[in-house]
Amino acid sequence: MLERSRCINDSVCCRTDVNTLKFLFVGDTGGLPIYPYVTYAQKKVAKALAKINYERKTEFLISTGDNIYYTGVDDDNDQRFESSFEDVYNSNKPWYFIAGNHDHFGNISAQVSYTSKSRRWTFPSLYYKISYKFGANNNTLVEFLMIDTIVLCGNTRDIESAGFLKMLFADVFLDPNNPKNPAAAHAQLQWIEQQLKQSKADYLFVVGHYPVYSIASHGPSSCLIKKLKPLLERYNVTAYIAGHDHTLQHIIDKPEVKNQTSSSIMHYIVTGAASRTDTSTKHKNDIPFSSLKFHYPKSFFNLFSQFGFSSGGFVYAALNSDHGLFQFYDGSGSQMYHFVLQPLTKELQVFSKANGSPFS
(Lines of atoms letter the chains of each structure in order from A and count residues from 1; the text may use other names and numbers.)
(Lines give C-alpha, C1' and ligand atoms only; values in the text may rest on other atoms or scores of the structure.)
Protein backbone atom coordinates (compact mmCIF):
# COMPACT_ATOMS: atom_id res chain seq x y z
CA MET A 1 0.00 0.00 0.00
CA LEU A 2 2.91 2.36 0.72
CA GLU A 3 4.08 2.78 -2.88
CA ARG A 4 0.53 3.26 -4.18
CA SER A 5 -0.28 5.83 -1.48
CA ARG A 6 2.56 8.03 -2.71
CA CYS A 7 0.52 8.82 -5.81
CA ILE A 8 -2.72 9.80 -4.06
CA ASN A 9 -4.17 13.29 -3.45
CA ASP A 10 -1.40 15.65 -2.30
CA SER A 11 1.38 13.13 -2.99
CA VAL A 12 3.06 12.61 -6.37
CA CYS A 13 4.80 9.52 -7.72
CA CYS A 14 8.02 10.38 -9.56
CA ARG A 15 9.44 8.19 -12.32
CA THR A 16 12.71 9.71 -13.50
CA ASP A 17 13.65 6.41 -15.14
CA VAL A 18 10.96 6.61 -17.84
CA ASN A 19 10.32 9.23 -20.52
CA THR A 20 6.97 7.68 -21.47
CA LEU A 21 4.27 6.86 -18.93
CA LYS A 22 2.29 3.79 -20.04
CA PHE A 23 -0.95 2.58 -18.50
CA LEU A 24 -4.33 0.99 -19.27
CA PHE A 25 -7.97 2.04 -19.00
CA VAL A 26 -10.48 -0.74 -18.33
CA GLY A 27 -14.06 -0.67 -17.16
CA ASP A 28 -16.99 -2.76 -15.97
CA THR A 29 -14.73 -5.63 -14.95
CA GLY A 30 -17.22 -7.04 -12.44
CA GLY A 31 -17.59 -10.66 -13.57
CA LEU A 32 -20.62 -12.72 -12.53
CA PRO A 33 -22.44 -13.20 -9.19
CA ILE A 34 -22.54 -16.99 -9.69
CA TYR A 35 -19.90 -19.59 -10.54
CA PRO A 36 -17.46 -19.25 -12.29
CA TYR A 37 -17.67 -15.55 -11.17
CA VAL A 38 -15.79 -14.45 -14.28
CA THR A 39 -17.04 -14.06 -17.85
CA TYR A 40 -15.63 -15.38 -21.10
CA ALA A 41 -14.92 -11.83 -22.26
CA GLN A 42 -13.25 -10.98 -18.96
CA LYS A 43 -10.84 -13.91 -19.28
CA LYS A 44 -9.96 -12.87 -22.83
CA VAL A 45 -9.34 -9.28 -21.78
CA ALA A 46 -7.29 -10.39 -18.76
CA LYS A 47 -5.00 -12.40 -21.04
CA ALA A 48 -4.57 -9.47 -23.43
CA LEU A 49 -3.89 -7.08 -20.53
CA ALA A 50 -1.22 -9.41 -19.16
CA LYS A 51 0.52 -9.50 -22.54
CA ILE A 52 0.55 -5.72 -22.94
CA ASN A 53 1.58 -5.20 -19.31
CA TYR A 54 4.58 -7.46 -19.89
CA GLU A 55 5.61 -6.28 -23.35
CA ARG A 56 5.18 -2.54 -22.80
CA LYS A 57 6.04 -2.34 -19.12
CA THR A 58 2.95 -0.41 -18.09
CA GLU A 59 2.87 1.35 -14.73
CA PHE A 60 -0.74 0.87 -13.60
CA LEU A 61 -4.37 0.28 -14.63
CA ILE A 62 -7.36 2.57 -14.12
CA SER A 63 -10.85 1.08 -13.84
CA THR A 64 -14.01 3.05 -14.56
CA GLY A 65 -16.30 1.24 -12.10
CA ASP A 66 -18.79 -1.63 -11.83
CA ASN A 67 -16.04 -3.60 -10.17
CA ILE A 68 -18.27 -6.39 -8.79
CA TYR A 69 -21.49 -7.42 -10.57
CA TYR A 70 -24.39 -7.24 -9.97
CA THR A 71 -24.77 -6.00 -6.41
CA GLY A 72 -21.25 -5.21 -5.21
CA VAL A 73 -19.88 -6.89 -2.07
CA ASP A 74 -21.15 -7.51 1.47
CA ASP A 75 -17.91 -6.77 3.33
CA ASP A 76 -14.16 -6.60 2.76
CA ASN A 77 -13.88 -10.37 3.26
CA ASP A 78 -16.31 -11.10 0.42
CA GLN A 79 -15.01 -13.96 -1.75
CA ARG A 80 -15.88 -11.97 -4.88
CA PHE A 81 -12.69 -9.93 -4.45
CA GLU A 82 -10.75 -13.14 -5.04
CA SER A 83 -12.97 -14.85 -7.62
CA SER A 84 -13.73 -11.81 -9.81
CA PHE A 85 -10.47 -9.86 -9.42
CA GLU A 86 -7.44 -11.33 -7.64
CA ASP A 87 -7.69 -14.75 -9.33
CA VAL A 88 -8.41 -13.26 -12.76
CA TYR A 89 -5.62 -10.75 -13.35
CA ASN A 90 -2.00 -11.84 -12.94
CA SER A 91 -0.19 -8.51 -13.22
CA ASN A 92 1.30 -7.07 -10.03
CA LYS A 93 0.62 -3.50 -11.19
CA PRO A 94 -1.60 -1.18 -9.11
CA TRP A 95 -5.26 -0.97 -10.10
CA TYR A 96 -6.95 2.35 -9.33
CA PHE A 97 -10.72 1.99 -8.88
CA ILE A 98 -13.82 4.14 -8.70
CA ALA A 99 -17.37 2.99 -7.98
CA GLY A 100 -20.03 2.17 -10.52
CA ASN A 101 -23.78 2.01 -10.03
CA HIS A 102 -23.67 -1.75 -9.37
CA ASP A 103 -20.99 -1.26 -6.70
CA HIS A 104 -23.29 1.14 -4.85
CA PHE A 105 -25.97 -1.56 -4.71
CA GLY A 106 -23.70 -3.27 -2.16
CA ASN A 107 -21.35 -2.17 0.62
CA ILE A 108 -19.25 0.46 -1.10
CA SER A 109 -17.25 1.17 2.07
CA ALA A 110 -16.02 -2.45 1.94
CA GLN A 111 -14.52 -1.84 -1.51
CA VAL A 112 -12.65 1.13 -0.07
CA SER A 113 -11.39 -0.77 2.98
CA TYR A 114 -10.27 -3.73 0.84
CA THR A 115 -7.46 -1.45 -0.36
CA SER A 116 -5.52 -2.26 2.82
CA LYS A 117 -5.86 -6.01 2.19
CA SER A 118 -4.71 -6.12 -1.42
CA ARG A 119 -1.38 -5.40 -3.08
CA ARG A 120 -3.13 -4.17 -6.24
CA TRP A 121 -6.69 -3.02 -5.47
CA THR A 122 -6.40 0.74 -4.83
CA PHE A 123 -9.57 2.58 -3.85
CA PRO A 124 -8.68 4.98 -1.01
CA SER A 125 -11.95 6.97 -1.02
CA LEU A 126 -15.00 7.58 -3.19
CA TYR A 127 -13.17 10.37 -4.99
CA TYR A 128 -9.46 11.19 -5.05
CA LYS A 129 -6.57 12.37 -7.22
CA ILE A 130 -3.70 10.36 -8.74
CA SER A 131 -0.52 12.22 -9.75
CA TYR A 132 2.58 11.04 -11.63
CA LYS A 133 5.63 13.02 -12.68
CA PHE A 134 7.97 11.40 -15.16
CA GLY A 135 10.95 12.09 -17.40
CA ALA A 136 14.63 12.60 -16.59
CA ASN A 137 13.90 15.96 -14.97
CA ASN A 138 10.41 15.11 -13.69
CA ASN A 139 9.20 17.67 -16.19
CA THR A 140 5.90 16.06 -17.24
CA LEU A 141 2.95 15.86 -14.84
CA VAL A 142 -0.20 13.79 -15.37
CA GLU A 143 -3.18 13.97 -13.02
CA PHE A 144 -6.31 11.83 -12.80
CA LEU A 145 -9.34 13.02 -10.87
CA MET A 146 -11.17 9.84 -9.88
CA ILE A 147 -14.78 10.80 -9.16
CA ASP A 148 -18.00 9.12 -8.02
CA THR A 149 -20.75 9.92 -10.51
CA ILE A 150 -23.30 7.94 -8.49
CA VAL A 151 -22.83 10.26 -5.50
CA LEU A 152 -22.89 13.17 -7.94
CA CYS A 153 -26.01 12.20 -9.91
CA GLY A 154 -27.76 9.28 -8.18
CA ASN A 155 -28.12 5.60 -8.97
CA THR A 156 -29.87 3.99 -11.91
CA ARG A 157 -32.46 2.10 -9.85
CA ASP A 158 -33.60 1.37 -6.31
CA ILE A 159 -32.20 -2.12 -5.74
CA GLU A 160 -34.70 -2.83 -2.98
CA SER A 161 -37.62 -2.64 -5.40
CA ALA A 162 -35.97 -4.40 -8.33
CA GLY A 163 -35.94 -8.09 -9.10
CA PHE A 164 -32.82 -9.69 -10.58
CA LEU A 165 -33.87 -9.47 -14.23
CA LYS A 166 -35.13 -5.90 -13.85
CA MET A 167 -31.86 -4.90 -12.22
CA LEU A 168 -29.90 -6.64 -14.98
CA PHE A 169 -31.69 -5.10 -17.95
CA ALA A 170 -34.00 -2.23 -16.96
CA ASP A 171 -31.44 0.27 -15.67
CA VAL A 172 -30.61 1.13 -19.27
CA PHE A 173 -33.82 3.17 -19.40
CA LEU A 174 -33.00 5.45 -16.48
CA ASP A 175 -30.90 8.61 -16.72
CA PRO A 176 -29.97 9.32 -13.11
CA ASN A 177 -30.38 12.96 -12.18
CA ASN A 178 -31.31 12.85 -8.50
CA PRO A 179 -28.43 12.36 -6.03
CA LYS A 180 -29.37 10.51 -2.86
CA ASN A 181 -27.41 13.01 -0.77
CA PRO A 182 -27.45 16.47 -2.40
CA ALA A 183 -24.98 17.86 0.16
CA ALA A 184 -22.47 15.11 -0.64
CA ALA A 185 -22.97 15.70 -4.35
CA HIS A 186 -22.34 19.43 -3.90
CA ALA A 187 -19.22 18.81 -1.79
CA GLN A 188 -17.77 16.54 -4.45
CA LEU A 189 -18.50 19.03 -7.22
CA GLN A 190 -16.73 21.74 -5.23
CA TRP A 191 -13.74 19.41 -4.76
CA ILE A 192 -13.66 18.69 -8.50
CA GLU A 193 -13.63 22.37 -9.41
CA GLN A 194 -10.96 23.14 -6.82
CA GLN A 195 -8.70 20.39 -8.16
CA LEU A 196 -9.21 21.44 -11.77
CA LYS A 197 -8.65 25.11 -11.00
CA GLN A 198 -5.35 24.56 -9.20
CA SER A 199 -3.98 21.89 -11.56
CA LYS A 200 -0.65 22.52 -13.31
CA ALA A 201 -0.72 19.17 -15.11
CA ASP A 202 0.49 18.66 -18.66
CA TYR A 203 -2.17 15.96 -19.01
CA LEU A 204 -5.34 16.26 -16.94
CA PHE A 205 -7.92 13.46 -16.93
CA VAL A 206 -11.23 13.07 -15.13
CA VAL A 207 -12.46 9.49 -14.64
CA GLY A 208 -16.08 8.68 -13.75
CA HIS A 209 -18.45 5.78 -14.23
CA TYR A 210 -21.31 7.47 -16.08
CA PRO A 211 -20.37 8.83 -19.52
CA VAL A 212 -21.05 12.45 -20.40
CA TYR A 213 -21.72 11.33 -23.97
CA SER A 214 -22.43 7.82 -25.29
CA ILE A 215 -24.31 6.38 -28.24
CA ALA A 216 -24.99 3.04 -26.52
CA SER A 217 -27.71 1.69 -24.18
CA HIS A 218 -27.49 4.28 -21.39
CA GLY A 219 -26.65 7.23 -23.61
CA PRO A 220 -25.60 10.72 -22.46
CA SER A 221 -25.94 11.78 -18.82
CA SER A 222 -28.09 14.90 -18.50
CA CYS A 223 -26.75 15.36 -14.96
CA LEU A 224 -23.11 15.35 -16.06
CA ILE A 225 -23.83 17.54 -19.07
CA LYS A 226 -25.28 20.11 -16.68
CA LYS A 227 -22.88 19.78 -13.73
CA LEU A 228 -19.56 18.41 -14.98
CA LYS A 229 -19.19 19.23 -18.66
CA PRO A 230 -18.87 23.02 -18.12
CA LEU A 231 -16.01 22.40 -15.66
CA LEU A 232 -14.22 20.03 -18.03
CA GLU A 233 -14.32 22.69 -20.73
CA ARG A 234 -13.56 25.68 -18.51
CA TYR A 235 -10.43 24.11 -17.04
CA ASN A 236 -9.18 22.55 -20.26
CA VAL A 237 -9.32 18.88 -19.25
CA THR A 238 -7.45 16.58 -21.63
CA ALA A 239 -10.15 13.89 -21.65
CA TYR A 240 -13.05 12.49 -19.66
CA ILE A 241 -12.96 8.69 -19.34
CA ALA A 242 -16.04 6.64 -18.40
CA GLY A 243 -17.55 3.16 -18.43
CA HIS A 244 -21.18 2.14 -17.73
CA ASP A 245 -21.97 1.38 -21.36
CA HIS A 246 -20.24 -1.86 -22.32
CA THR A 247 -18.48 -0.45 -25.35
CA LEU A 248 -15.39 1.40 -26.50
CA GLN A 249 -16.04 4.89 -27.87
CA HIS A 250 -14.11 8.01 -28.80
CA ILE A 251 -16.18 11.18 -29.05
CA ILE A 252 -14.87 14.68 -29.77
CA ASP A 253 -16.88 17.78 -28.89
CA LYS A 254 -16.24 21.49 -29.31
CA PRO A 255 -16.50 23.27 -25.93
CA GLU A 256 -19.17 25.87 -25.38
CA VAL A 257 -17.14 27.62 -22.66
CA LYS A 258 -13.81 29.01 -23.77
CA ASN A 259 -11.05 31.06 -22.22
CA GLN A 260 -7.64 32.08 -23.37
CA THR A 261 -6.09 28.74 -22.38
CA SER A 262 -8.85 26.40 -23.52
CA SER A 263 -8.35 23.91 -26.34
CA SER A 264 -10.62 23.77 -29.36
CA ILE A 265 -11.98 20.29 -28.61
CA MET A 266 -12.91 18.01 -25.70
CA HIS A 267 -12.27 14.26 -25.75
CA TYR A 268 -14.70 11.73 -24.30
CA ILE A 269 -13.59 8.09 -24.02
CA VAL A 270 -15.89 5.24 -23.02
CA THR A 271 -14.16 2.04 -21.91
CA GLY A 272 -16.69 -0.26 -20.28
CA ALA A 273 -16.07 -3.49 -22.18
CA ALA A 274 -13.71 -5.43 -19.92
CA SER A 275 -16.17 -8.20 -19.02
CA ARG A 276 -19.02 -7.90 -21.54
CA THR A 277 -19.99 -5.87 -24.61
CA ASP A 278 -23.16 -4.21 -25.86
CA THR A 279 -23.84 -3.52 -29.53
CA SER A 280 -26.59 -0.95 -28.93
CA THR A 281 -26.41 2.38 -30.76
CA LYS A 282 -29.84 3.59 -29.59
CA HIS A 283 -28.47 7.03 -28.61
CA LYS A 284 -26.45 7.67 -31.77
CA ASN A 285 -28.54 10.78 -32.50
CA ASP A 286 -28.25 12.12 -28.94
CA ILE A 287 -24.62 13.24 -29.10
CA PRO A 288 -23.21 16.29 -30.94
CA PHE A 289 -23.34 16.00 -34.73
CA SER A 290 -20.32 14.23 -36.29
CA SER A 291 -18.65 13.88 -32.88
CA LEU A 292 -18.33 10.07 -32.87
CA LYS A 293 -14.89 8.99 -34.10
CA PHE A 294 -14.92 5.34 -33.05
CA HIS A 295 -17.34 2.78 -31.64
CA TYR A 296 -16.96 -0.91 -30.77
CA PRO A 297 -18.49 -3.47 -31.00
CA LYS A 298 -20.28 -3.25 -34.30
CA SER A 299 -23.95 -4.12 -34.30
CA PHE A 300 -25.00 -7.74 -34.32
CA PHE A 301 -27.50 -9.52 -32.10
CA ASN A 302 -26.06 -11.47 -29.16
CA LEU A 303 -28.63 -12.69 -26.66
CA PHE A 304 -25.95 -13.56 -24.10
CA SER A 305 -23.69 -10.50 -24.36
CA GLN A 306 -24.80 -9.18 -20.94
CA PHE A 307 -23.42 -12.39 -19.45
CA GLY A 308 -20.03 -11.88 -21.07
CA PHE A 309 -20.21 -14.20 -24.09
CA SER A 310 -18.48 -11.62 -26.27
CA SER A 311 -15.00 -10.33 -27.04
CA GLY A 312 -14.52 -7.41 -24.64
CA GLY A 313 -12.05 -4.55 -25.00
CA PHE A 314 -9.85 -1.93 -23.32
CA VAL A 315 -7.72 1.18 -23.97
CA TYR A 316 -3.92 1.56 -23.77
CA ALA A 317 -2.31 4.98 -23.23
CA ALA A 318 1.28 6.18 -23.58
CA LEU A 319 2.19 9.76 -22.65
CA ASN A 320 5.43 11.67 -23.11
CA SER A 321 6.38 15.34 -23.03
CA ASP A 322 5.33 15.86 -26.66
CA HIS A 323 2.20 13.78 -27.22
CA GLY A 324 -0.21 11.21 -25.85
CA LEU A 325 -1.14 8.04 -27.72
CA PHE A 326 -4.43 6.20 -27.08
CA GLN A 327 -4.97 2.76 -28.61
CA PHE A 328 -8.25 0.83 -28.53
CA TYR A 329 -8.05 -2.99 -28.38
CA ASP A 330 -10.55 -5.80 -28.58
CA GLY A 331 -10.46 -8.68 -26.10
CA SER A 332 -8.10 -10.67 -28.31
CA GLY A 333 -5.50 -7.93 -28.08
CA SER A 334 -5.97 -6.66 -31.64
CA GLN A 335 -5.67 -2.90 -32.09
CA MET A 336 -8.72 -1.41 -33.79
CA TYR A 337 -8.20 2.36 -33.54
CA HIS A 338 -5.92 5.02 -32.13
CA PHE A 339 -5.61 8.75 -31.76
CA VAL A 340 -2.83 11.11 -30.72
CA LEU A 341 -3.03 14.46 -28.96
CA GLN A 342 -0.57 16.94 -27.49
CA PRO A 343 -0.33 17.99 -23.82
CA LEU A 344 -2.07 21.05 -22.46
CA THR A 345 1.14 23.05 -22.55
CA LYS A 346 1.30 22.77 -26.33
CA GLU A 347 -1.06 23.81 -29.09
CA LEU A 348 -3.60 21.00 -29.34
CA GLN A 349 -3.42 18.75 -32.37
CA VAL A 350 -5.28 15.51 -32.88
CA PHE A 351 -4.56 12.53 -35.12
CA SER A 352 -7.00 9.65 -35.23
CA LYS A 353 -7.17 6.56 -37.39
CA ALA A 354 -8.41 3.00 -37.42
CA ASN A 355 -5.48 0.58 -37.12
CA GLY A 356 -1.90 1.49 -37.94
CA SER A 357 0.25 3.95 -36.00
CA PRO A 358 1.29 7.56 -36.59
CA PHE A 359 4.77 6.67 -35.35
CA SER A 360 5.55 3.95 -37.89
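From the backbone N, Cα and C atoms, a Cβ is placed for every residue, glycine too.
Because TrEMBL annotations are produced automatically, they should be read as predictions rather than curated entries.
Among the candidates His209, His250, His267, the residue that TrEMBL names alongside Asp66, Asn101, His244 for the Fe cation 2 site is His209.
Among the candidates Asp17, Asp28, Asp202, Asp286, the residue that TrEMBL names alongside Asp66, Tyr69, His246 for the Fe cation 1 site is Asp28. Each of Cys14, Cys153 is a candidate, yet TrEMBL gives the disulfide link of Cys223 to Cys153. The recorded positions Asn107, Cys223, His246 include none with a CA atom within 10 A of the CA of Asn101 (Fe cation 2 binding site).
Measuring Cα to Cα from His209 (Fe cation 2 binding site), the recorded positions that fall within 10 Å are Asp28, Asp66, out of Asp28, Asp66, Asn107, Cys153.
Within 10 Å of the Cβ of Asn107 (N-linked glycosylation site) there are 17 other Cβ atoms, across all protein chains. Using the Cβ center of Asp66, Asn101, His209, His244 for Fe cation 2, the list of other same-chain residues with Cβ within 8 Å runs, in sequence order, Asp28, Thr64, Gly65, Ala99, Gly100, His102, Asp103, Thr149, Ile150, Thr156, Tyr210, Gly243, Gly272.
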